[in-house]
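As structure tokens, the structure follows; a few thoughts come after it.
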Amino acid sequence: MFKTHKVEIEWAGRPLTIETGRVARQADGAVVATYGETVVLATVVSAKAPKPDQDFFPLTVNYQEKTYAVGKIPGGYFKRESRPSENETLISRLIDRPIRPLFVDDYKNDTQVIVSVIQHDLENNPDILSMIAASAALTLSGIPFMGPIAGARVGYCNGHYVLNPTLDEMPESKLDLVVAGTENAVLMVESEAHELSEEVMLGAITFGQKGFQPVIDAIIQLAEVAAKEPREFIPEDFSDLEKTMLKMIEKDLRKAYTITDKQQRYDAIDAIKTEILSKFAPEMEVNCELTADKIATVFKRLQAKIVRWNILDTGKRIDGRDLSTVRPIQSEVGILPRTHGSALFTRGETQALVVATLGTSEDEQYVDLLTGVCKETFLLHYNFPPFSVGETGRLSSPGRREIGHGKLAWRAIHPMLPTKEAFPYTIRVVSEITESNGSSSMATVCGTSLALMDAGVPLARPVAGIAMGLIKEGERFVILSDILGDEDHLGDMDFKVAGTKNGITSLQMDIKIDGITEDIMKIALEQAKDGRNHILNEMAKALTDARTELSEFSPRIEMMTIPVEKIREVIGSGGKVIREIVEQTGAKINIEDDGTIKIASPDTKSIETAKSWIHSIVDEPEVGTIYQGTVVKTTEFGAFINFFGSHDGLVHISQLASKRVAKTTDVVKEGDKVWVQLMGFDERGKIRLSMKVVDQQTGKEIPQDDLIKTEKEQNPDEKNKSEKKRHNRKKED
């Protein structure tokens with residue numbers, strides 16, 4: 001019934017199996033891939049023809065994690081998987097980016113890749129396996145895909161690269177780098193690093209590319225026996241139309257691309273496009289094969305060619321800069337003084353308004369992954385409203401691009417954050433892109449660094465980011481620093497690098513062509529380092545270090561630790577005690593299972609009150625220490641005082657005051673607040689207290705000499721009796 005084909009290799013110490021022909025046989029391509037005991041199903045289906053007037057390639061990649069893969073039932077009311085999580089969206093992008101450039105030019109058939117995680121061994125991350133499975137399914141499908149590609153994860157532990165580290169090994173790694181590419185070229189890199197050098201990062205890319213070669217060989221081996229016949233696809237020839245249009249618009253288009261203002265430049269280009277359409281209008285009426293869409297397609301190609309020729313021939317860019325110059329930078333902090341931290345970072349025509357907010361453990365985000373639920377204390381949200389590029393548009397929930405750009409900035413900042421113990425706050429950063437002309441994600445990195453320091457978050461070092469570009473024609477190439485939007489769209493590479501003065505914290509690279517050599521990447525990294533250091537120097541004009549004091553509007557959090565066995569006493573029966581502390585002090589209190597307590601409040605006094613209250617519950621009173629207490633009962637022989645939480649002790653009538661006391665109620669009454677010193681314990685372990693040794697106004701201990709003097713002054717009868725006794729003893733002698 002099944003005609004299955006399978007290849008199996010040993011890869012990084014674990015078996016990798018790619019199988020086709022058993023599952024999802026009606027898809028154009030379907031693969032079940034297994035790595036260790038993690039299993040994914042990848043399918044691809046492409047329409048037989050493009051939709052009419054389709055002017056782009058509609059590729060959709062959906063990555064989905066099934067909870068049954070780890071023996072779980074989904075939460076929520078409906079108990080089924082719903083909209084993609086942030087993690088699923090990010091992995092969908094991770095798969096999309098290296099495969100998209102490999103579809104043949106002008107292929108516009110609706111294409112969908114679906115990758116499902118159907119088993120997870122909690123050891124091998126399914127993202128790399130999903131990329132491999134998608135590549136294999138495309139290679140087998142007969143769709144015009146110039147693959148295969150493969151990917152690998154690279155770690156860096158103890159000065160050595162590690163291929164495909166397991167989930168347990170990743171916390172020890174200073175690098176989390178994913179690289180994907182073909183047999184001969186790197187197409188995509190994404191990473192988070194702990195201030196690693198350019199040499200280490202480049203070495204990791206090369207190490208990863210070599211590491212995934214056996215996988216490409218395995219996919220080719222499977223395709224030789226299981227691939228479908230290639231679909232016939234002949235790209236439309238626009239060469240004659242291109243030559244004709246180039247003669248008509250080259251001069252005007254070159255002139256338009258010397259206009260430095262983005263909106264003015266776009267207006268000039270739109271005018272040229274409108275004019276060329278009007279010139280071809282008579283011909284379009286008689287030639288049904290010549291359409292406005294074809295003219296628009298050729299016009300876009302000519303735009304790319306002219307921009308590229310200008311840069312390669314003159315070394316000058318669209319806005320007049322040379323190849324390595326960064327646009328003018330303006331950094332401002334504290335522009336929204338009632339927020340916890342804020343910054344406005346402007347670089348040329350790209351601008352980010354970034355705001356940091358500090359919260360408590362109640363604000364932590366719970367992230368439900370296949371590997372378990374974790375709590376995220378650093379959130380970074382990137383928003384790209386349509387007005388930032390002078391357009392109208394629909395405002396909705398964040399799209400894939402916004403989620404991806406936010407995560408890129410998150411990776412850049414995350415290694416520089418203080419530990420949870422050193423800074424026990426939940427941090428949320430929102431980056432509002434208010435203007436955009438390229439590199440908005442890197443503006444977010446710079447703005448986030450400034451906003452966090454303005455909020456008083458003690459970053460290890462400031463972080464900056466820069467986007468690099470590439471124009472390559474044959475053997476000629478140039479590397480561009482701080483690329484514009486047009487240079488991104490019309491160039492061959494988008495290479496984003498973020499880091500500190502000490503090294504790289506995040507790197508993301510997307511390459512649209514083959515032939516990017518190690519030397520080109522090395523030049524790009526070195527040029528990016530110079531640009532990054534320049535940006536850091538410009539940022540330092542606004543703020544160099546984190547503010548030493550938090551905003552007056554920020555919550556204050558203090559931590560204390562109690563013995564685990566005392567947690568029950570602090571919480572109380574049914575939470576009675578902890579609720580009373582919260583209600584009386586106004587502080588928020590969070591108790592961890594290990595005995596760590598976080599106390600949060602905008603008011604320092606309420607924090608101190610809550611801390612003292614908790615100390616009174618878990619600590620034992622010490623002899624010689626002064627405490628404030630409440631009189632709970634009076635008797636003929638003294639008063640009982642409740643102090644230091646639930647502790648009770650007796651102040652004997654002789655210890656109520658320095659003078660002789662006839663009745664206890666002459667000095668204290670029930671409900672009075674008094675200061676007492678713990679004198680010790682009687683033979684039955686009962687607490688002995690004294691009021692007379694403490695100044696009841698200040699709560700300070702009275703010096704012994706002063707106490708004796710006061711007693712003599714306030715008890716003259718007792719003094720006379722003592723002198724009479726001494727006189728009688730002398731007479732007897």
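A Cβ is built for glycine as well, from the same backbone N, Cα and C atoms used for every other residue.
Residues or ranges marked as Mg(2+) binding site by Swiss-Prot: D488, D494. The compositional bias 'Basic and acidic residues' feature in Swiss-Prot is assigned to 702-721. Here Swiss-Prot flags 722-733 as compositional bias 'Basic residues'. Positions annotated as domain 'KH' by Swiss-Prot, on the basis of sequence analysis: 555-614. The domain 'S1 motif' feature in Swiss-Prot is assigned to 624-692. Positions annotated as region 'Disordered' by Swiss-Prot: 698-733.
Each of the binding-site residues D488, D494 was scored by the number of other CB atoms within 10 A of its CB, and the lowest score belongs to D488.
Reduced to three states, the DSSP call for D488 (Mg(2+) binding site) is helix. Mapped onto DSSP helix, strand and coil, the domain 'KH' (555-614) counts 32 helix, 16 strand, 12 coil. Residue counts for the domain 'S1 motif' (624-692) by DSSP state, with H, G and I taken as helix and E and B as strand, are 6 helix, 35 strand, 28 coil. In the three-state DSSP scheme, D494 (Mg(2+) binding site) falls into the strand class.
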